[in-house]
Amino acid sequence: MASKPLQNDTQSQSGTSKPCDGSAVNIDIFHSDEKVKDASINSSADASTQVHRKLKQRHISMIAMAGTIGTGLFLGSGQAIRQAGPVGTLLGYVLMGAVVFSMQVALGEMVTMFPVTGAIPHYAERFFDPAMGFAGIKCYFNSSFFLAITISLNINSAGLIPDLKFDEVGVNMCLASPIPLAAEITAAAIVVEYWDATTPSWVYITIFLVTICAINLTGVRWYGEAEFVFSAIKLMVIMILVILGIILDLGGGPTHDRIGLRYWRDPGPFVQFHGVLGPVGRFLGVWTVFIQAAYSYQGVESVAIIAGEAENPRKTIPKAIKRVFFRILIFYIGGVTVAGLLVPSNSPRLASVKGHGTSQASPFVIAINNGGISILPDIVNAVILLAAYSTGNTGLYCGSRILHGLACRGMAPSVFSKCTKSGLPIFALIPPAAGGLLAFLRLNNSGATVFHWLTRMSAVTGLVTWLSVLVSYLHFYQGMKYHGIDRNKIPYKSPFQPYLSYFGLCMIVLVILFSGFEVFLQGNWSTSNFITNYITIVIYLLLFLYWKLTKRCKFVSLPEMDLVGSTKELDHMDAYYKSREKLPRTWLKKTWEWVCDAFSNGSNKPTVTGTNYFRLVHSEYFFSCSKIE
């Protein structure tokens with residue numbers, strides 16, 4: 001089958017390196033000292049723009065399992081139970097979990113084929129449309145600016161924040177940081193109030209922000225070590241909470257009160273939304289859970305972002321992707337199920353999520369207090385604080401790497417592509433870190449109100465990111481079929497495709513469009529809620545059109561889709577790591593590997609990738625590109 005030369009392949013048979021159109025590619029270089037580097041995404045990049053592959057398999061696995069489990073589960077699930085009831089919350093988390101799984105496995109298939117820095121916008125640009133890659137990441141960064149506008153509309157009367165005008169901030173919009181960092185720092189400040197309600201919030205906000213920046217400034221290796229410890233603690237505590245919850249539900253606590261399904265019967269499994277009676281009210285209650293659940297699941301895509309700095313990504317990333325199923329099932333579904341069994345939806349302490357906004361409103365803390373265990377609530381609150389801190393830490397890391405990848409492709413100022421000798425994109429850390437300053441807006445508001453705004457916008461922005469992943473994958477899937485590439489022989493084959501991706505795509509579109517439906521109900525209008533729910537969509541569309549019209553970029557057609565670029569380098573990387581691979585020795589590790597592989601749908605066969613594979617099944621296509629000078 002004759003095809004056009006690839007856009008992004010930079011390696012010719014003669015050894016020259018010249019990109020066809022200046023597009024970004026990923027090159028991995030192996031030096032004599034065996035230090036593995038990701039030579040950025042630009043074929044002309046020098047050492048000053050290279051990040052290093054220093055994250056080991058244990059880092060990747062632990063981050064995938066619990067790295068981004070944060071306050072969305074520990075604090076936000078209480079609000080979901082109050083609004084939808086225990087069964088309504090469970091249904092919402094199950095459905096959104098299915099959406100997350102559909103997105104994650106699709107992303108995993110692309111990541112394992114092309115593990116590059118700033119992966120998500122790279123795939124949108126490479127497989128669908130460069131305008132989508134630009135719009136997605138810019139939307140992610142710009143949303144926080146509009147969030148500041150929204151909050152200023154509500155707190156301007158206090159006089160501490162000056163009037164903001166769009167023409168006064170101008171170019172700073174493109175440097176505005178992602179908002180998850182601010183959301184988690186705000187949540188951490190809320191949690192601290194459990195012990196200390198007298199110290200000003202700005203003290204703790206400053207401490208959290210400075211230390212998170214310090215961890216990220218030490219480099220990716222120490223970031224990985226910190227997240228390994230944080231994730232291990234969260235993993236252990238969540239497992240303990242689920243087991244303890246079952247014991248308390250069966251009457252094994254100090255009070256010996258057997259709860260069973262008591263709260264599912266009274267006050268009931270569902271809550272009528274804002275007085276809307278009947279099935280419609282119950283359905284609307286469940287629908288409100290989707291945004292909260294989306295916020296709780298935020299960050300699962302970080303596995304793709306860290307692929308650019310992962311050792312042996314074609315082996316470690318598929319394992320991490322497959323473990324997402326266990327993460328959703330055990331931690332999220334198990335957690336909200338236990339919380340719904342132990343806490344009634346009409347508990348007045350759940351209402352403090354909207355009122356005082358302290359961690360005492362966590363359903364896990366409420367359940368333990370009701371069970372008569374006096375010491376454990378302090379431990380749980382400490383873990384909630386750790387979870388908020390850890391998720392904020394990951395948010396800063398991901399934001400900097402996405403911005404670094406964006407700069408390497410010419411979609412952001414080139415200064416953000418610069419790295420230190422140790423591979424740290426130090427300048428790219430500045431805008432995401434600046435996003436943490438939004439947490440100081442908590443000083444003029446109830447912590448719960450600011451947390452609610454941050455949660456809403458972070459969730460919708462994340463949903464837009466997931467949407468771009470699925471759109472990119474579906475076109476990538478069609479490209480694989482067009483070029484006759486056997487998906488059974490790629491490093492990781494996602495199951496039930498393309499139907500699973502279509503399901504996730506449809507669900508995400510519906511949730512985004514109706515995320516703020518409550519403001520349209522009679523008597524429920526809220527300007528701030530309307531803006532935080534829908535401004536992200538407007539930003540995304542405007543940025544897409546801007547890049548489309550100014551750069552005149554074209555939709556990536558199937559014949560021109562690059563499915564071979566950088567395969568020589570990735571082949572070299574596979575051989576490098578395979579020569580140093582160690583098989584699991586203990587029966588426990590072997591059992592764990594077997595269980596994880598059971599969920600690969602039989603697709604994780606011995607890796608046959610890169611140059612040799614494409615020579616076998618796509619030789620004419622390969623050689624037409626190898627001759628590019």
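Heads up, the Cβ atoms here are built off N, Cα and C, so glycines get one too.
Looking at 60-81, 258-279, 302-323, 390-411, the range tied to transmembrane segment in TrEMBL is 60-81. Here the transmembrane segment (424-441) does not lie next to the transmembrane segment (228-248) in space: the count of CB pairs under 8 Å, restricted to residues six or more apart, is fewer than 3. Residues 64-66, 69, 73, 77-78, 80-81, 85-87, 89-90, 93-94, 97, 100-101, 104-105, 238-239, 241-242, 245-246, 248-249, 259-261, 263-264, 293, 296-297, 300, 303, 350, 363-364, 366-367, 370-371, 599 of the same chain lie 6+ residues outside the transmembrane segment (324-343) yet bring a C-beta within less than 8 angstroms of a C-beta in it.
Taking pairs at least six residues apart, the transmembrane segment (228-248) and the transmembrane segment (529-547) share fewer than three Cβ pairs below 8 Å and do not count as touching.
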